[in-house]
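Look at TrEMBL and you will find 1-13 tagged as compositional bias 'Basic and acidic residues'. Residues or ranges marked as compositional bias 'Polar residues' by TrEMBL: 15-29. According to TrEMBL, the feature region 'Disordered' maps to 1-43. Sequence annotations record features per position, and here TrEMBL assigns transmembrane segment to 81-102, 114-136, 189-210, 219-239, 259-279, 291-316, 346-367, 379-399, 411-433, 454-487.
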Amino acid sequence: MASRELSEKKGEETTVISSIPSNSGPSETESAEFDTAPPPPPNGILARLRHYEALLDDKLGVEKNGPARILPEDRNPPNQAIMALMWASGTMNLSCFATGFLGWEFGLDLKQSILTVIFGTLLGSMVTGWCATLGPGTGLRQVAITRYSFGWWPSKIIAALNVIEQLGWSSVGSITGGLALSAVSDGKVSLVLGVIIVAVLGLIFSFIGLRAVLWYESWAWATFFVIFMIMYGEAANFADVKTPSVLEGQTLSGTVMTLLAIVYGSSSSWSSIVSDYYVHYPVNTSKTKVFLLTSLGITIPTCISMVIGCCVGSTMGVNTEWANAYDDGLGYLIQTILFPRGFAKFLLVVLVLSGIGTNCIAIYSAALSIQLFARPLQVVPRAFWTLIIFVGIILLGVAGRNHLLAVLQNFLSLLGYWNTAFFVILFTEHYLFRKGNLENYNLEVWNTESKMPIGFAGLIAFLLGIVGCILGMVQTWYVGVIAAMIGETGGDIGNQLAFAFTLISYVPLRYWERARFPGR
């Protein structure tokens with residue numbers, strides 16, 4: 001039956017009413033317009049979880065896209081300045097400040113420590129900056145991009161390592177924030193409770209999703225920058241610039257390389273998640289801009305935090321008051337450095353938020369990595385995995401709360417090793433086998449196993465890279481056989497060996513794999 005239209009004019013307003021056949025139900029438009037009652041929850045646990053996640057998205061903006069590729073027409077690009085600002089908020093923190101103490105801990109003088117920090121940070125940031133360039137062009141999270149070089153099954157190793165890595169970062173952020181809370185309360189807030197409080201605050205932003213994470217990270221950096229400038233003004237003039245290092249020859253070289261590996265690992269560790277935050281930028285976003293903003297956005301704030309840590313650390317042998325305060329905890333040291341005391345307590349409270357910046361990034365990406373580990377896990381809402389990650393952070397943070405420097409020394413260098421092998425494989429695949437052109441990636445099949453590389457080349461090259469890092473690593477619990485040959489305490493060349501072993505093996509293996517399995 002043809003539809004008829006009745007037009008009724010009242011003043012200047014015209015209302016058009018469309019009638020429909022009497023034997024048909026209401027149209028979709030009319031149903032949506034008049035039926036305001038929410039649909040009932042579906043049956044099944046997972047279906048109900050996704051239903052409630054959708055409701056949270058409507059009310060609070062909780063992200064429900066999960067790890068799916070963001071198509072060009074569905075993107076909502078943030079301000080491009082966030083490419084730098086979010087990393088400033090995530091790295092200008094107490095964790096990086098504490099890392100600066102390692103130069104003094106290893107016996108290096110202030111000049112040696114600062115130069116090593118700057119060079120290592122820049123090198124690691126450039127690795128992350130390059131990985132970031134793949135995000136806008138593909139619309140894929142970093143682990144999903146990995147499938148095009150590692151293959152379907154080996155990429156699960158990267159997803160698992162990613163979860164461990166982000167758990168570690170979050171636990172470090174929670175420990176340093178907890179130390180500050182404990183100090184500002186004069187011990188009334190226990191370190192355990194402080195760790196839990198910081199973890200909870202990070203959970204809130206990560207639970208909501210990318211929108212909340214980017215909002216927090218785009219503003220928090222300014223506050224931390226002001227506080228660190230105050231710390232420079234009140235503490236830098238106490239730095240010990242006169243006492244030389246007692247280390248010489250190969251022992252000095254080995255110690256510098258060990259610190260370099262730790263600092264490099266701090267900045268390169270973001271390479272396995274960086275594209276998670278770039279998927280909404282337009283496809284034609286300048287790669288040069290992405291690289292520079294990301295690299296400098298990590299390098300500058302990280303160096304600001306670590307260099308003041310180097311300066312304060314250099315005083316530990318000559319300033320008894322500061323050394324005693326440091327023995328009580330990092331927060332007590334900062335409280336002693338800054339004055340007046342009431343102002344110092346206020347700054348410590350604000351600095352607690354710096355741990356939240358790290359946690360926001362780490363928790364969000366860890367949850368995505370779990371979903372990308374296997375298809376069945378993608379059915380479970382991201383918010384649920386966020387809660388699981390939160391529990392892991394609490395356990396790790398509480399367990400390592402009294403061993404911050406040891407955690408940083410071992411954890412950060414371990415991150416650098418595998419991220420170096422990860423970067424080499426992605427970089428070589430992109431420029432040698434994909435000709436540096438994203439058109440050679442079939443982005444439509446990102447979640448299809450049969451369209452991905454077999455993974456033999458990626459797996460073997462990655463494992464050989466790990467063998468290289470084992471031979472060249474220096475940890476408190478193990479020194480590699482090659483590293484032990486450098487000086488009295490060893491020199492960490494794990495990243496250099498991981499780079500060489502991975503590159504030398506991946507190229508011929510990938511050529512063989514492509515010849516044996518054309519199109520993959």
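The backbone N, Cα and C atoms fix where each Cβ goes, glycine too.
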Item to check | Segment-segment contact (the transmembrane segment (291-316); the transmembrane segment (346-367)) at 3 or more Cβ pairs under 8 Å | outcome: no
Checklist entry - Under a criterion of three or more Cβ pairs within a distance under 8 Å and sequence separation of at least 6, are the transmembrane segment (81-102) and the transmembrane segment (454-487) in contact? => result no
Next on the checklist: Below 8 Å between Cβ atoms, which of the listed ranges 114-136, 189-210, 346-367, 411-433, 454-487 makes the most pairs with the transmembrane segment (219-239)?
Outcome noted: 346-367
Next on the checklist: At a threshold of under 8 Å on Cβ distances, which of 189-210, 411-433, 454-487 pairs most often with the transmembrane segment (346-367)?
Outcome noted: 189-210
Checklist outcome for this item: Here the stretch out of 114-136, 189-210, 411-433, 454-487 with the most C-beta pairs under 8 Å to the transmembrane segment (259-279) is 114-136
Checklist outcome for this item: Long-range CB partners for the transmembrane segment (411-433) (under 8 A, at least six residues beyond its ends), listed in sequence order, are 99, 124, 127, 130-131, 134, 145-146, 148-150, 158, 161, 165, 168, 172, 258, 261-266, 268-269, 271-272, 458, 461-462, 465-466, 469, 473-475, 492, 494-495, 498-499, 501-503, 506-507, 510, 514
Checklist entry - Near the transmembrane segment (189-210), which residues from the same chain, at least 6 beyond its ends, have a CB less than 8 A from one of its CBs? => result 60-64, 170, 173-175, 177-182, 216, 276-277, 280, 329, 352-353, 355-356, 358-360, 362-364, 367, 382-383, 386-387, 390, 393-394, 397-398, 401-402
